[in-house]
Each structure stands twice: as structure tokens, then as C-alpha cells.
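So the structure is just underneath, and the comments pick up after that.
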């Protein structure tokens with residue numbers, strides 16, 4: 001059951017995101033976007049996989065730790081030559097991309113429900129940076145070649161495989177969209193908030209725990225895909241799932257900046273027909289979804305649900321969320337996901353999630369290091385990977401004034417899908433887990449085996465657990 005109120009409030013604080021119809025123009029694949037004139041349209045590169053150097057005097061080859069059979073190591077390095085310059089990606093496997101109790105529900109043509117617990121999701125999603133390039137970022141999947149995004153020297157790039165192998169030919173494309181950075185119309189000048197009372201939990205935190213402000217926080221995200229979205233993929237659930245996992249990888253890049261780990265804990269696909277009335281009126285669809293969520297998903301462990309719709313809504317509206325609703329049963333949002341690439345979709349998902357976490361829209365001129373703020377009132381052509389000072393203040397206020405303790409609920413170690421030594425989580429069968437050899441600072445924990453060292457002071461496992 002979701003933390004928070006025990007019944008559905010009759011009124012909810014709803015935050016509208018009013019964005020231009022022109023936004024639809026840029027919902028094409030990034031590779032089709034207008035390219036920066038001074039750069040080559042694309043460059044063909046051949047990534048070279050590099051061995052991970054062992055630090056602290058460790059001579060063991062990494063295959064001893066990861067095993068020869070493991071295709072996707074927890075840490076990898078790739079080298080490419082771009083514009084005559086050597087670039088080395090240093091990547092670490094994304095942790096907890098899926099929650100320990102992840103389920104996937106779909107329906108037969110007769111309406112019969114089928115739920116599976118996915119245990120075989122490829123662990124091929126990575127995050128990291130470019131070696132010796134301060135401020136660089138990389139989010140890349142290695143499932144069938146290298147595919148993803150990275151930033152270098154204030155330029156954004158997409159890399160995609162031309163062959164289904166990580167060391168074959170790849171295309172690297174710089175991208176930006178033609179026209180103004182912000183896309184809007186006259187009706188999208190400011191955020192519209194319904195004149196309804198704010199959702200309240202049973203009590204407020206007068207003296208918030210320091211963990212809420214400084215500690216690691218967790219979000220269990222549940223995705224619902226309507227029938228129109230399902231049809232966009234012609235019923236190919238594998239293709240749809242792979243795309244959404246890439247989006248989730250980008251979502252984590254954004255929320256990692258405020259110490260939040262987002263895990264996908266469930267997905268429901270309305271493959272036979274919609275379970276609510278999805279209509280052009282976004283507000284009405286939102287109300288239908290919120291009531292369906294309360295009646296049908298209350299017993300599934302999560303703390304925010306998003307409906308991704310393949311339909312279009314009136315007046316160019318593309319998203320709606322219940323503001324300040326996190327840790328309540330009304331923590332939901334609806335997003336128009338029709339024909340959006342992963343960058344465009346994650347921009348909307350992160351924005352609406354921000355509203356549920358107490359963040360309001362910020363003016364278009366608000367500055368963020370990446371050039372685009374997550375909570376900007378207008379969508380931008382730039383990947384929004386930063387929260388402004390104002391948004392961080394809003395979030396801190398939410399943590400201080402509301403019962404936001406559900407953000408501290410980490411996945412239960414005994415339910416982790418697949419034990420992985422080096423993920424800093426005490427999995428079943430491990431005596432300790434202090435991370436990779438480069439990360440480990442625990443003198444009693446052996447990072448290669450996740451076993452306690454045979455030293456007199458290292459006998460109590462409970463004293464040497466890193467979580």
C-alpha cells in the first residue's frame with residue numbers, strides 16, 4: 001500500500017504543464033534533427049573496449065571477479081576517435097534500474113490478465129563520463145552495440161550502432177534543434193494550477209530527519225501504457241520495453257543530481273483495451289486515471305505512477321500531475337507520449353515527477369549548468385539534466401513540511417533480482433559489499449568476492465556492511 005492517506009481525496013492540487021503545439025515538431029528522432037552547422041553531419045567511429053585498470057595494488061584480472069561468462073561487467077571503458085581526438089568513456093552499470101519486485105502486466109484479446117516477474121532483463125545500461133573531461137556525462141546502453149548520449153566540450157552527441165556489436169562501426173552525431181531554444185505558444189505563458197486544496201498527509205514534519213535532506217532517497221515508479229501507446233509499437237512489447245528502459249536510464253541521470261534513485265517497480269500494458277476513458281481533455285483523463293490508480297494499484301508497492309498515452313490532448317497540453325502529492329495515493333501523472341524520442345519523453349516524465357515532489361515551474365530564463373532546467377515552464381531543445389536553485393529549494397521545502405519518509409525506503413536486499421558483488425547492496429550470500437575496488441574504503445571487506453577478510457577485527461559481518 002502506498003504511504004499516505006487511506007482514501008482518495010475528493011480534491012487534489014493539480015499542476016498543469018502547458019507547452020506549445022510546436023513541441024510536436026521536435027518529436028522526431030534526434031538523428032533527424034537539424035545539426036549544428038560548424039560540425040560534421042556525422043562521423044563513423046569504431047569503439048575499442050579497454051581493460052579496467054586495477055588500483056590499490058590489485059593484480060587480479062577483472063574476469064576473476066566478474067566471471068568469464070558475464071557479458072555485461074559492472075564497469076567498462078570504451079575508446080573512440082572523434083574529430084581527431086581520443087575520447088575514453090568510463091562507464092558503470094546503472095544500479096537498481098528495476099525494482100526487486102518488478103512485475104509486468106498485459107492483457108489477452110479476451111481481456112485475460114497476465115502478470116510476469118521479469119528476471120531476465122539485460123543489465124546493459126550504463127552511466128558515466130569521459131575520462132579527463134570535467135563536466136562530461138554519458139548514458140549509454142551496450143545491449144546491441146553502443147547506443148545513447150554523451151556531452152563533450154559543451155556539445156551534445158548521440159551515438160548509435162550501424163552493426164549489432166559494441167566494437168563495430170557506429171555513427172556519432174552532434175545535435176541541436178533549429179529555431180529558438182524554448183518552444184511555446186501564447187497559452188503557455190505560465191503554469192496553471194487548479195483552484196483546489198493541496199493534498200495533505202496525516203501530519204507534517206516539524207523537525208525533519210537529517211536523512212531526508214542529505215541522505216540517499218528512492219522512488220519506486222510504476223508505468224501504465226494505454227492502448228494507443230501499445231499500438232504505436234504494433235504490439236511489439238520487447239521493443240517498447242527496451243525503449244522505456246533507455247528512458248529510465250536517462251531519468252536516473254537527472255534525479256541522481258538530487259540524490260534520488262528511480263527504480264521501475266512495475267509496468268501495466270493495456271494491450272486489449274483502455275481500462276479508463278482516455279479522452280482529449282487532459283484534466284478529465286487525469287481524474288479517470290487517478291481514480292483507477294486508487295482502485296487497482298493500491299496494493300502494488302510503488303510511490304508514483306505515470307500513465308504514458310499514445311493519444312493527443314487538446315490545446316497542446318502534454319502533461320499533468322498532482323502537485324505536492326508524493327507519498328500519498330494521489331501521486332500520479334499523465335503524459336502525452338505519442339511519437340516522442342527518449343530525450344523528449346524523459347523531459348516530460350522528469351518534469352511531472354518534479355511537480356509531485358513539490359517543485360513548481362520556473363521561468364524560461366532560469367539558468368542551469370546544462371542550459372536547460374528540468375522544471376522550466378517551456379520545453380527546450382537541450383537535454384534537461386539539472387534542477388535550478390529555486391527547484392532545489394522547493395524540493396527541500398517539500399521534504400521539510402510533509403511526510404516524505406517513503407523516499408527513504410530502499411529496496412529490500414533479500415528481494416534483489418540478481419545478487420551482484422560490488423553494487424554496494426548486501427545481497428543474499430554476501431558477507432559485505434563495499435563497491436568496486438576503486439570505491440571500497442572498508443579495510444575488512446574484500447571487494448572482489450564480497451567476503452570478510454580473515455583478520456581478528458573483521459569477524460562481525462554486521463559491522464562491515466555497506467548499503
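Just so you know, the numbers here start at 1 and follow the chain as drawn.
Heads up, the Cβ atoms here are built off N, Cα and C, so glycines get one too.
DSSP assigns residue 352 (active site) to a helix. Note on residue 352 (active site): other Cβ atoms within 10 Å of its Cβ, all shown chains, come to 24. The active site annotation in Swiss-Prot covers 352.
The disulfide bond annotation in Swiss-Prot covers 327-406 (among others), and the record cites similarity to another entry as its basis. The number of other CB atoms found within 10 A of the CB of residue 406 (disulfide bond), across every protein chain shown, is 21. Classification of residue 406 (disulfide bond) by DSSP places it within a helix.
Residues or ranges marked as disulfide bond in Swiss-Prot (evidence: similarity to another entry): 368-373 (among others). Under the three-state DSSP scheme, residue 373 (disulfide bond) falls in the strand class. A simple way to gauge crowding: the CB of residue 373 (disulfide bond) has 27 other CB atoms within 10 angstroms, across all the protein chains here.
Per Swiss-Prot, the feature N-linked glycosylation site maps to 61 (among others).
A sphere of 10 angstroms centred on the C-beta of residue 236 (N-linked glycosylation site) encloses 12 other C-beta atoms. DSSP assigns residue 236 (N-linked glycosylation site) to coil, not to a helix or a strand. If you look up Swiss-Prot, you'll see 236 (among others) marked as N-linked glycosylation site.
What Swiss-Prot lists as signal peptide is 1-33.
Counting other C-beta atoms within 10 Å of each candidate's C-beta, the disulfide-bonded residues 327, 368 are led by 327.
Among the recorded positions listed (236, 352, 368), 352 has its Cα nearest to the Cα of residue 327 (disulfide bond).
A gap of 18 Å separates the Cα atoms of residue 368 (disulfide bond) and residue 352 (active site).
Residue 236 (N-linked glycosylation site) sits 27 Å from residue 352 (active site), taking the C-alpha atoms as the reference points.
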